[in-house]
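The structure appears right after this line, and notes come after that.
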Amino acid sequence: MASTRSIELEHFEERDKRPRPGSRRGAPSSSGGSSSSGPKGNGLIPSPAHSAHCSFYRTRTLQALSSEKKAKKARFYRNGDRYFKGLVFAISSDRFRSFDALLIELTRSLSDNVNLPQGVRTIYTIDGSRKVTSLDELLEGESYVCASNEPFRKVDYTKNINPNWSVNIKGGTSRALAAASSVKSEVKESKDFIKPKLVTVIRSGVKPRKAVRILLNKKTAHSFEQVLTDITEAIKLDSGVVKRLCTLDGKQVTCLQDFFGDDDVFIACGPEKFRYAQDDFVLDHSECRVLKSSYSRSSAVKYSGSKSPGPSRRSKSPASVNGTPSSQLSTPKSTKSSSSSPTSPGSFRGLKQISAHGRSSSNVNGGPELDRCISPEGVNGNRCSESSTLLEKYKIGKVIGDGNFAVVKECIDRSTGKEFALKIIDKAKCCGKEHLIENEVSILRRVKHPNIIMLVEEMETATELFLVMELVKGGDLFDAITSSTKYTERDGSAMVYNLANALRYLHGLSIVHRDIKPENLLVCEYPDGTKSLKLGDFGLATVVEGPLYTVCGTPTYVAPEIIAETGYGLKVDIWAAGVITYILLCGFPPFRSENNLQEDLFDQILAGKLEFPAPYWDNITDSAKELISQMLQVNVEARCTAGQILSHPWVSDDASQENNMQAEVTGKLKQHFNNALPKQNSTTTGVSVIMNTALDKEGQIFCSKHCQDSGRPGMEPISPVPPSVEEIPVPGEAVPAPTPPESPTPHPPPAAPGGERAGTWRRHRD
């Protein structure tokens, strides 16, 4: 027991003995005893208190450990780059095990072909007084400059930076705070002129030149130098930073306010000397194409004529940023006179035409933003309009339809809030066939009827044609049947009334539509819950002044005299209306090919053998069958007129029944017509009708079965309105398929709160 206690005492005595700096391990004991005698000589195991872990906790506090583990935030700049805002790194022993690891990460983040191409090799303090050689020398909240092998360059790196991320800033960073504070106060005083604006910056040099778009607002435009920095990062000049910006007028941008003036396009120059040549201020075709997608909408368009160093004059209006940029700028060439006649292909009634040097920032892929004229003087000395009536009156929205030759955008009347559709036709795509578009527009300009989709307003520029059209959201004729819960013979009678009413009006103007089909009959829903049909798509319409011979239309609805090529007139529309009436009551067409062959279909149409098969027609009134028989007469003279349809008892009186035949008719429609299948959006149906142009109708001009064996009697006479579709040569191949093309469709129409009975059909009286 005594021996054990002696050993313990000696053990603690040994602990109290501190090894001297000069002492060596393994030195002989002062007692001279052997290594096996006594506890001091036989290598006793130290107390657990001397283990590595216990020593750690004895010598380093939790606070010291936490301080070592905490990441230090520091900002790093590029040597000599005054426009670089700096990059903040959180530096900790866990993230960077060595100083070299930090250099590698900085190289990855800061180095490129222009800046630090040899990577980060050296780190200086912000004032360049010394080099940093270890992680321990980096201090919290400080800023440092990264370089390769070059000497430190004295630049005020912190001029445009407000390091709000730093904590307990001391020493050199006080200058950064002072500089940032002065910039902040300067911006605060002069922010009134900053409005959201999208500008285009083109890099100087050999064409083609890169162009970028930058959004400027109160959050992105803090100072002139900061905007230059953003432009430098975006434009990436080969020579490095952007030193100066010039407008297309040749005026140098010297302050932030210059960005928010009348100019939208700027030329970016580097350290090299800028060449003030005429070519620098002229945008070539490829640059115009880039600019065409720059601006989405504009609240107003102004015109000005400031002079530029070159011979041309340029001035542009600020762009309004309220959506995805999609419209275009262009520099079209035109020789048209602004004094053209209203009905000529060169101009449209009631609209001001932009001059030959004028420019429209709209096209079929973008929103209409009518920019200023490049030249304040138009053709023949006429000056451009001071503002765009179209943009002042309407608010232009997103694209809702995109076709082969036109796009359709949302269009809202600013004064009434009423929705319309803006149809934008690209003239470049209509080259050589402008007369077809003009013919269609000239007819739309003439017609004004409650059962016809109306052309509200039109405008023409040198590159685009803008048509504000009535927007019908209720889907087409098939949608009205398939989406309803109840469909009766009386509903079909009202639909035929609306169609006949439109045809009587058109035929009174000697206009034949030639493409009457369910897809072109749109359902207009009124606030009181009532509905009516509106006829659209006048791409094949023309004025009748004599027999027509072009074989065109949709095969299922084409009249026999069109196929026979004996000459036809207005009553081909009555035949098509008769086919539609037949379909409305049973769900399938009166003439159809079992093998889906067009030649068989045409043979049946020419024969004109009309049947009302049981059981589909057992519950249909005789009055309806009588009217259909009168409408589908092969003999044109015996065929009834639109006025006679309106006066027929089945249409004008209550001869129709109220029996619900929705399920039967819908089933047959889905069986025989692809476009009768359920669709997702009723608005897109109306948009697709508006989106079509006369150029889309070329596929509907085909040869009849007699086209190969019989010569044509002659070309159709050209009406006084611009040339019609008749001038298109008849192709050699027939279109496949009697089935009409697919078109999008709607949800069921909403119930009406009052007025007439919800869901009933209006009968407009002339």
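Cβ atoms are placed via backbone N, Cα and C, with glycine included.
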From the candidates Ser31, Ser315, Ser327, Ser362, the one which Swiss-Prot records as phosphoserine: Ser362
Of the residues Thr61, Thr482, Thr556, Thr693, the one that Swiss-Prot lists under phosphothreonine: Thr61
Record-annotated ATP site (Swiss-Prot): member among Lys423, Lys427, Lys433 besides Ile400, Gly401, Asp402, Gly403, Asn404, Phe405, Ala406, Val407, Val408: Lys423
Residues that sit under 8 angstroms from Asn404 (ATP binding site) by C-beta distance, when 6+ apart in the chain: Lys429, Thr693, Leu695, Asp696
Counts by DSSP class (helix H/G/I, strand E/B, coil) across the domain 'Doublecortin 2' (197-280): 20 helix, 26 strand, 38 coil
Sparsest-packed among the binding-site residues, when each Cβ's other Cβ atoms within 10 Å are tallied, from Ile400, Ala406: Ile400
Recorded positions compared (Asp402, Asp515) - the one with the fewest other Cβ atoms within 10 Å: Asp402
The one of Val408, Thr666 whose CB sees the fewest other CB atoms within 10 Å, among these recorded positions: Thr666
Integer average pLDDT (0 to 100) for the domain 'Protein kinase' (394-651): 90
Helix, strand and coil totals (DSSP H, G, I; E, B; other) for the domain 'Doublecortin 1' (72-158): 15 helix, 23 strand, 49 coil
Cα-Cα distance linking Thr666 (phosphothreonine) and Ile400 (ATP binding site), given in Å to the nearest integer: 28
